[in-house]
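Peer 1: Please find one structure pasted underneath; my questions will follow.
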Amino acid sequence: MGFGRSGRERILGMDLSDLIEVQAIMPALKANSKKQLLQLLAERAAAITGLPEREVFDTILQRERLGSTGVGNGIAIPHGKLPGVKSITGVFARLETPVEFESLDDQPVDLVFLLLAPEGAGADHLKALSRIARVLRDPDTVAKIRGTRDAAAIHALLSDTQTSHAA
Amino acid sequence: MDQAIYLATLVGTALVLAAAFSSLIAFRFGAPLLLLFLAIGLATGQDGLGIQFDNAPVAYFVGSLALAVILFDSGFGTPVNVLRQAGLPALTLATVGVAITAVVFGVAAHYLTHFSWLESFLLGATVASTDAAAVFFLLRAGNINLRERVRSTLEIESGSNDPIAIFLTLTLVEIIAIGVNPEAQLLFTDLVVGFFVTMGLGAAVGMLGGFAIARLVDWLNLDRGLTPIFVLTLSLLVFAAAGAIGGSGFLAVYLAGMVAGNSDIRGAAALKRFQGGMSWLAQIIMFLVLGLFATPSQFPGLLLGAITLGLFLIFIARPLAVWLCLKPFRLPSAEVAFISWVGLRGAVSILLAITPLLAGLEHGRLIFNTAFIIVLVSLFVQGWTVGPLARRLGLIVPHRAGPIEKVELELPGSAHHELLSYRVVPGSPVLRGERLPRWARPSLVVRNGGSMKFPDFGKLMAGDRVYIFVHDRYPALLDRLFTSRVDVDPEDAEFFGAFAVDPDRPASDLEAAYEPGLTEAEQKMTIGELFLSRFGGHVEYADRLNLGPIELIVRDMDEKGKITAIGLSFEPTQPQPLVPENLRERLRALFGRGDGTMSSRVSDEA
C-alpha cells in the first residue's frame, strides 16, 4: 500500500512530542509478566493524570481481551479510553528484559507505549495510535531506543524521527 | 514448390522463435509482451523487412482459430466457484459494459473523425472488448498476487466479453455492407433479437459440447499423448458447430472450456499444461499475423485522431462504463478504479477490425488502421502501468508464505488422491514442531540419498524429501505445513493492520473501544460474524471491512473458510478518486443523484 505515503506523513507527522512528556518515560523498567507490566504502566499513568490506578489498569486490560496490542518486533501499544483523562496522554516503558505479551509474532515485548485518550477523542485517538505504530516501525529509531537508558534521550528519539525515517 | 514450403516454414518458425525469445526480455523488463509480438510482426512486415502479407481472409481465419484456442483454455482454467463470487459484476461488464463502451466511444469517434455514425459505432464495437491475457501475463511476470475478487472479475469479463464485441461488430458490418441506412428503432430491435439468438445458440452448444468433451475423454480412455489433441480438436468442433448454426462460436468454445474444466475431467493437469502451451502459441501467431498484416506507412495521417480516441477510450469511455456497471455491486472504489484501468485492448480488437475489410466496406482500411493504433496506445499506456497501479491501490495481497518445494503427481486411474512430494525447508511449521495430520503420514521419506518408510524416519529433518498420498481436498493445508516462513515487510504489516483482534470476541467490545458505529444487532454478534454478515456470508483472505474510523482485515482463515485472525488498522485505505472530483460531480449531476458510495470513500487527503 504505497499510495500517498509521503502525503500521509506530511499530515500525520512523525513527531510524538505532543503525546508524551519526559517524566512519562520509564527507561529501564523491570517486569516479570504482561500483567505486572500493565500494572506498572497504569501506576505511572495514574500519577500523571491523577486518575485511580485501578481504573486505568481495568481499561487497558479490557482492550487486551479484544486481542493483544503487541504489534510485533518486541513492541506493544496498549491503549484505551477513559472519561477522566483531560487530553491524550502517553506513557512509555523500555524493559530491561522482554516479557511475553501474546504478540502476533510470538516475540516477547520490551518497548511499550501506553496511550490513554479522553472519552470522545474519536479520530484523534486513532490517529495518535497510527502515528505511534508508524514511529515504532522504524528500525533505526527502535534500535536507538533499545540502546539507551536515558529518559530524555528516548523522548528526543520519539519526538524527532523525521530525519531518520526519511532515509 | 518444395522451395516455397521450406522458405515459408523457415520464415514462420523464425518469427515464432523470435517471439518466444522476446518473452524472456519481457519477463525481465515487464514490458507488455503482446506489444513485443506485435512489434516483431510490424518490423518484419511490408514496411519493415518486407514480408508481403495482405490477405485479410487468411489473417482473419488464423486469428479466429487462435482466439478459439485461447478462449477454450481461459474457460477451462476458470473455476466455477469464482463465478459465484464475481460472476454478476463480470457479466454485467461483459455485456452492458461492452455496449456502453462502444456507444460512448462511437459518439466521440463520430465527432473526432470523418466516419459516419454507423462506422463510428462499428469502430467502437471493435475496440469495446478487453484483452486480459495481456494483463495476466503482466501480473504473473511481476509476481503480483492480485486480490481474488478483482482477479476473478477481470478474468471472467475478459473471457466472456469477446463474443459480445464480436457480435456487435459483425452485425454492424453487415448493416453497413447492405448499404441502407436503417431506422434507429429497427436497428435496435435487430440487435437485441440477434443478440439473444446468437448468444442463446452459442451457450447451448457450448454447454452441451463441454459436457460431451468431458464424457468422451472418460469413456474413450485414449492414449495419454493423444488426449490433449483430442480435446483441442473437439473444442474447435464445438466452435465451428455453434458458428455453423448461427450461434456465437466464441461464446460456445469459452463455455465448453468452462464446463469441461470444471467436471473432474481425466488428466486435467496434463490438459492444462498442453492448453497453456497452445494458448501461448496462439497468442504469438495471432499477434504476429496481425502485426504482419498492418501497414504502418498508412498511419501518419490518422495518428493524431486515433491517439486522441485511444486516450478517450482509456480515460473516459472505459471508466464511465465500468463505473456505471459496477455501481449496483458497491465494490470499493480502489477495485473499480483498477478494473477501469485494466481495460487493455488486444488482438481481438485488431481481429475484429479486419471484418470491415473482409466485407469490402468503403472505409475498411481506415477503420482497421485506427483500431490498430488505438490498441497500440492501450498496450503502451495501460500495459506498462498495471502492476504499479495495483500496488498503489493496495489490491495486491502480500505473500505471507515463502516458497514451497513441491511436486504433484497425478495418479492414473485414481479418482480422488494425488501424490505430493515436498522438500522439508528450514523454518517450516513441520520443523517447528507442528504435527502432520494422520491422513498425511509420509509414505516415503528420502534422506541423504536413502529412502525410509514409516516409522523408520522418526522426526522429519531439514532437507528431507517426503512423499505423501493425500485426498485431493487437502493439499492446501499441507502446503502451509511445508512452507517456509517469510518476514513481513513493514508495508505489508500495514496491509494486514498493525493490531490484532480476536474474531471470537463480541463486536460490542469493538464498539466500546473504537466507536465504529455498529447497529444494536451487530453488537450482539462476534467480530467474525460481523465480518461475515457485512460481506454477505462469504469472506476471503485479506478482505478488508471499513468501519468508519477503523478497518478490519482478514489475516488468516482455516481450511473450512472460518476467520481465525483479524487485523485492525486505524488508517482505512482511502483510494484516490478514479476521475477528477469536479468531473465526478458533473457526471453525478448528469445521471441523477449518486448514493454516495463512491464519494464517501474518496480520500480527504487527495
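Each residue's number is its place along the chain shown, starting with 1.
Cβ from N, Cα, C; glycine included.
Straight from TrEMBL, here's the annotation block:
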- B:6-26: transmembrane segment (TRANSMEM)
- B:33-52: transmembrane segment (TRANSMEM)
- B:58-76: transmembrane segment (TRANSMEM)
- B:88-109: transmembrane segment (TRANSMEM)
- B:121-142: transmembrane segment (TRANSMEM)
- B:163-180: transmembrane segment (TRANSMEM)
- B:192-217: transmembrane segment (TRANSMEM)
- B:229-257: transmembrane segment (TRANSMEM)
- B:277-295: transmembrane segment (TRANSMEM)
- B:302-324: transmembrane segment (TRANSMEM)
- B:336-359: transmembrane segment (TRANSMEM)
- B:366-385: transmembrane segment (TRANSMEM)
- B:492-572: domain 'Transporter-associated' (DOMAIN)
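Looking at the shown structure, can you explain where the listed features end up?
Peer 2: When Cβ-Cβ distances below 8 Å are used as the criterion, the transmembrane segment (B:58-76) is approached by residues 133, 155, 158-159, 162, 232, 235-236, 239, 249-250, 253-261, 271-272, 275-276, 278-279, 282-283, 285-286, 289-290, 292-293, 347-348, 350-351, 354-355, 358 of the same chain, each at least six residues removed from its ends.
Here the transmembrane segment (B:88-109) has long-range neighbours at 115, 117, 120-125, 127-129, 152-157, 160-161, 164-165, 168, 309, 312-313, 316-318, 320-322, 324-326, 328-329, 331, 339, 343, meaning same-chain residues at least 6 beyond its ends whose C-beta is under 8 angstroms from one of its own.
Sequence-distant neighbours of the transmembrane segment (B:163-180) (same chain, 6+ residues past either end, Cβ-Cβ under 8 Å): 94-95, 98-99, 102, 118-119, 121-122, 125-126, 128-129, 187, 190-191, 194-195, 198-199, 202, 248, 250-251, 254, 348-349, 352, 355-356, 358-361.
Sequence-distant contacts of the transmembrane segment (B:192-217) (same chain, six or more residues past either end, CB-CB distance under 8 Å): 163-164, 167, 171, 227, 230-231, 234-235, 237-238, 241-242, 245-260, 263-267.
Residues 15-16, 19-20, 34, 37-47, 51, 53-56, 58-59, 62-63, 65-67, 69-70, 73-74, 133, 232, 347, 350-351, 354, 368-369, 372 of the same chain sit 6 or more residues outside the transmembrane segment (B:277-295) yet have a Cβ under 8 Å from a Cβ within it.
Long-range neighbours of the transmembrane segment (B:302-324) within the same chain, counting only residues 6 or more positions beyond its ends whose Cβ lies under 8 Å from a Cβ of the stretch, are 93, 96-98, 100-101, 104-105, 108-109, 112-113, 123, 127, 336-337, 339-341, 343, 345, 366, 369-370, 373-374, 376-378, 381-382, 578-579, 587, 591, 598.
Counting only same-chain residues 6+ beyond the ends of the transmembrane segment (B:366-385), those with a CB under 8 A from a CB of the stretch are 30-32, 34-35, 38, 113, 115, 119, 122-123, 126-127, 134, 138, 290, 294-295, 298-299, 302-303, 305-307, 309-311, 313-314, 341-346, 349-350, 352-354, 356-357.
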Peer 1: Given a Cβ distance threshold of under 8 angstroms, which distant residues of the chain, six or more beyond its ends, lie next to the transmembrane segment (B:336-359)?
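Peer 2: Same-chain residues near the transmembrane segment (B:336-359) but 6 or more away: 34, 56-57, 59-60, 63-64, 66-67, 93, 101, 122-123, 125-127, 129-135, 150, 153-154, 157, 162, 165-166, 169-170, 173-174, 176-177, 283, 286-287, 290, 293-294, 313-314, 318-319, 322-323, 326, 365, 367-368, 370-372, 374-375, 378-379, 382-383, 385-386, 389-390, 393, 395, 575-576, 578, 598.
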Peer 1: If you average pLDDT over the domain 'Transporter-associated' (B:492-572), what do you get?
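Peer 2: In the predicted model, the domain 'Transporter-associated' (B:492-572) has a mean pLDDT of 80.
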Peer 1: Based on DSSP, tally up the residues of the domain 'Transporter-associated' (B:492-572) by helix, strand and coil.
Peer 2: 24 helix, 24 strand, 33 coil
